[in-house]
Amino acid sequence: MNQRISLSRYLVEQQRVDGLIPAQLRLLLEVVARACKSISQSVNKGALGGVLGTAGSENVQGEVQKKLDIIANEVLIEANEWGGHLAAMASEEMDSIYLVPNRYPQGEYLLMFDPLDGSSNIDVNVSIGTIFSVLKKPEGHPGVTEEDFLQPGAQQVAAGYCVYGPQTTLVLTVGDGVAMFTLDREMGSFVLTQENVRIPEDTKEFAINMSNMRHWDAPVKRYVDECLAGVEGPRNKDFNMRWIASMVADVHRILTRGGIFMYPWDKREPNKPGKLRLMYEANPMAWLVEQAGGAATNGRERILNLQPTKLHERVSVVLGSRNEVDRVTRYHLEA
Ligand code: P6P
């Protein structure tokens, strides 16, 4: 029987063999994985744990917070603040950055996360997930400010997500490809179930919220219309559509079997570049997708090149199978 490799062993070997993961980063990733296990336990309890429904508050995005949003956020903060690997954290659920309390040693990493993405799916038992991104704190000055977080996604040193679905699966990159770890609940550990993940360059499956069609910009409408025209249209092939309304689940499907995911700018709120957040949704997902051979743009530019200007900045997202993303990007540049 081929030996099962735990997340811990994978990280140690990546550290020892490739020198890709300094000890402090390995500790950070192990702690984040343990926090995801704890969140998975709460999610899996559902109504039995009294964790469904809303918390009666709003987050910085003006979105109603679910009880599990707050629980997941607290789990990640409490798991990561004492280890000495972090200088500060930032979360979709918190207005400003969270500095590691002075009673704990300060580390050299910055951790950003969407603690529970897709939370509109919590109460209807559809897959949700935690998305995280790791940057190095810029050197040369004491303390941490929000500006220290405002680095392009290309500066990430680790990124990943944990999808809480039929399986609980942690997906991770440190810049040497993408690996997937499935939670073995009997052992309580994440086990390597796939590495060197590759996204097919072509696909017949697109993911977008079709109810927004009348609000889309022309290039997006052109692309989707061509998909809908199928084998009789200019693409000469039929397409399938999926929209789970949980980015983690849609991206996991794309990493697993290909596809294109789009949450583009639309006319509903013209001053908003898009719905998804750059720092802790688009950047980590864009790096994972690129590390698996896919592409990720905002319709015009590579997402990982974008210079953030504020912590909770939003962005338009087109990611997945490289040839399809290139086509949508080309349509935007031609427009
Ligand atoms: P809509 C979840 O709220 C989220 O941020 C992403 O996970 C998901 O892809 C998107 O929003 C769904 O948005 O407008 O279809 O509900």
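Backbone N, Cα and C define each Cβ position, glycine as well.
TrEMBL annotations: computationally assigned, not manually curated.
Features as listed in TrEMBL:
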DOMAIN    6-195  domain 'Fructose-1-6-bisphosphatase class I N-terminal'
BINDING   GLU92, ASP114, LEU116  Mg(2+) 1 binding site
BINDING   ASP114, ASP117, GLU281  Mg(2+) 2 binding site
BINDING   ASP117, GLY118, SER119, SER120, ASN209, LYS275  substrate binding site
DOMAIN    199-332  domain 'Fructose-1-6-bisphosphatase class 1 C-terminal'
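Where TrEMBL records a feature, it is marked here on the structure.
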| residue | record | DSSP class |
| --- | --- | --- |
| GLU92 | Mg(2+) 1 binding site | coil |
| ASP114 | Mg(2+) 1 binding site | strand |
| SER119 | substrate binding site | helix |
| ASN209 | substrate binding site | coil |
| LYS275 | substrate binding site | coil |
| GLU281 | Mg(2+) 2 binding site | helix |
>> I'm checking region-level scores; what's the whole-number mean pLDDT for the domain 'Fructose-1-6-bisphosphatase class I N-terminal' (6-195)?
In response: 93
>> Looking at the binding-site residues listed here (SER120, ASN209, LYS275, GLU281), whose Cα lies nearest to that of ASP114 (Mg(2+) 1 binding site)?
In response: GLU281
> Do you know which of the binding-site residues GLU92, ASP114, ASP117, ASN209 end up with C-beta under 6 Å from ligand 1?
Replying inline: ASP117, ASN209
> Per 10 Å Cβ neighbour count, which of the binding-site residues SER119, SER120, ASN209 ranks highest?
Replying inline: SER119
> Which are the residues of the chain, ASP114, ASP117, GLU281 excluded, whose CB is within 8 A of where the CB atoms of the Mg(2+) 2 site average out, their centroid?
Replying inline: GLU92, PHE113, GLY118, GLY129, ILE131, MET247, VAL248, LEU276, ARG277, TYR280
>> I need the nearest neighbour of ASP117 (Mg(2+) 2 binding site) among the binding-site residues GLU92, ASN209, LYS275, using C-alpha distances.
In response: GLU92
> Just the number: how many Å between the Cα atoms of LEU116 (Mg(2+) 1 binding site) and ASN209 (substrate binding site)?
Replying inline: 20
> When you measure from the Cβ of LEU116 (Mg(2+) 1 binding site), how many other Cβ atoms are you left with inside 10 Å?
Replying inline: 30
>> Give me the long-range Cβ neighbours of GLU92 (Mg(2+) 1 binding site): same chain, 6+ apart, Cβ under 8 Å, in sequence order.
In response: ASN59, VAL60, GLN61, PHE113, ASP114, PRO115, ASP117, ARG277, TYR280, GLU281, HIS312
> Can you list, in sequence order, the residues of the same chain other than GLU92, ASP114, LEU116 whose CB lies within 8 Å of the CB centroid of the Mg(2+) 1 site?
Replying inline: ASP69, ALA72, ASN73, SER91, GLU93, PHE113, PRO115, ASP117, SER119, THR130, ILE131, TYR280, GLU281
> 10 Å Cβ neighbour count around ASP117 (Mg(2+) 2 binding site)?
Replying inline: 26
> Quick one: largest C-alpha distance among ASP117, GLY118, SER119, SER120, ASN209, LYS275, binding substrate per the record, in angstrom?
Replying inline: 16
> With DSSP helix as H/G/I and strand as E/B, how many residues of the domain 'Fructose-1-6-bisphosphatase class 1 C-terminal' (199-332) fall in helix, strand and coil?
Replying inline: 60 helix, 23 strand, 51 coil
